[in-house]
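Engineer: According to TrEMBL, the feature NAD(+) binding site maps to GLY33, GLY34, GLY35, LEU36, MET37, GLY38, ASP56, GLU121, LYS126, SER148, ASN172, LYS304. For SER72, LYS79, SER148, the entry in TrEMBL reads CoA binding site. Among the features that TrEMBL reports, domain '3-hydroxyacyl-CoA dehydrogenase NAD binding' is placed at 28-213. Taken from TrEMBL, the feature domain '3-hydroxyacyl-CoA dehydrogenase C-terminal' covers 215-312. According to TrEMBL, the feature site 'Important for catalytic activity' maps to HIS169.
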Amino acid sequence: MASAPRQFVRAASSDAATAAAKKLLIKHVTIIGGGLMGAGIAQVAAASGHTVVLVDQSDEILKKSTKGIEESLKRVTKKKFADNPEAGAEFVKKTLKNLTTSTDAASVVHSTDLVIEAIVENLSVKNELFKTLDKFAPEHTIFASNTSSLPITKMANATTRQDRFGGLHFFNPVPMMKLVEVIKTPMTSQKTFESLTDFSKAVGKSPVRCKDTPGFIVNRLLVPYMMEAVRLFERGDASKEDIDVAMKLGAGYPMGPFELLDYVGLDTSKYIIDGWHSLEPNNPLFAPSPLLNKLVEEKKLGKKTGEGFYKYK
């Protein structure tokens with residue numbers, strides 16, 4: 001293969017260095033949504049030295065979130081500081097000092113570097129939130145969504161900062177799971193993409209990069225796999241118990257697909273597959289399941305309701 005001209009190599013190196021120099025060092029983070037995901041993201045961000053504001057609709061929700069974060073931190077310190085309880089207590093204290101709460105998102109984004117949205121999986125609700133915050137956040141502020149299934153591009157289009165908008169998909173439970181999917185839309189600037197990747201590393205995660213495709217990487221592979229297991233069962237080709245055993249012992253998975261569906265929540269899985277089906281109605285991987293629809297209609301949503309594909313005491 002012919003070697004590249006020296007001037008081209010120098011120019012490329014110079015461009016890369018310039019892009020790296022322009023990356024935003026994220027110090028102040030605002031997280032919208034005090035549920036399990038939002039609280040988990042707040043915890044790892046605060047624990048890694050970021051100044052964090054956690055926002056939700058009521059002080060009651062935020063008190064519950066803060067208490068959950070404190071309890072989670074104490075569990076972490078029992079392992080991390082097993083031989084030094086005093087250092088563990090100091091770690092908890094320092095982390096909580098980095099965290100404040102608010103019920104007024106618009107008033108706290110004026111000095112933030114990054115806004116992470118972790119609210120209900122409803123595109124119109126998310127778009128309304130981003131549209132409002134876009135008016136109050138500084139020009140440099142990056143917006144990101146923690147959505148697991150909705151198009152990042154459609155959220156970015158609700159704002160005037162499409163180049164400063166991306167996806168940061170954390171996994172539950174956030175303090176334990178090492179992965180973050182960093183999502184780039186066609187409009188996301190390389191500077192923003194690199195800044196989000198660096199932030200993911202700074203909070204102790206292993207980022208993987210992906211374009212804005214349905215389900216990104218993990219769910220794009222995982223959800224069709226679970227749905228195909230349901231179809232296999234629907235056709236009567238194998239029992240759900242045997243399918244679960246087969247995937248655990250044959251593929252080495254910690255859970256079978258039906259156990260995983262019950263753990264995730266059948267309503268969540270249905271919501272995802274319905275959304276993808278509306279985007280690509282001719283894609284057989286995204287075809288709805290009559291059995292899944294029936295169980296959701298009967299409010300048998302999995303472990304959280306005591307019954308899904310299996311019954312739970």
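Glycine is no exception: its Cβ is also placed from the backbone N, Cα and C atoms.
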Engineer: Find, for the listed binding-site residues SER72, SER148, ASN172, the residue with the lowest Cβ contact count at a 10 Å cut-off, counting only other Cβ atoms.
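Structural biologist: Checked SER72, SER148, ASN172; of these binding-site residues, fewest Cβ neighbours within 10 Å: ASN172.
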Engineer: At the Cα level, what's the spacing in Å between SER72 (CoA binding site) and GLY33 (NAD(+) binding site), rounded?
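Structural biologist: So the Cα of GLY33 (NAD(+) binding site) lies 17 Å away from that of SER72 (CoA binding site).
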Engineer: For GLY35 (NAD(+) binding site), what is the tally of other C-beta atoms lying within 10 angstroms of its C-beta?
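Structural biologist: I count 16 other Cβ atoms within 10 Å of it.
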Engineer: Could you state, as a whole number of Å, the largest distance between Cα atoms of any two of GLY33, GLY34, GLY35, LEU36, MET37, GLY38, ASP56, GLU121, LYS126, SER148, ASN172, LYS304, the listed NAD(+) binders?
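Structural biologist: Binding-site diameter by Cα atoms for NAD(+): 25 Å.
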Engineer: Under a criterion of Cβ-Cβ distance under 8 Å and sequence separation of at least 6, what residues of the same chain contact MET37 (NAD(+) binding site)?
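Structural biologist: Within the chain, MET37 (NAD(+) binding site) has Cβ neighbours under 8 Å at ALA118, ASN146, PHE170, ASN172, VAL174.
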Engineer: Where's the emptiest Cβ shell within 10 Å among the recorded positions GLY33, ASP56, LYS79, LYS126, HIS169?
Structural biologist: LYS79
Engineer: Run through the domain '3-hydroxyacyl-CoA dehydrogenase C-terminal' (215-312) and tell me, per DSSP, how many residues are helix, strand and coil.
Structural biologist: 64 helix, 3 strand, 31 coil
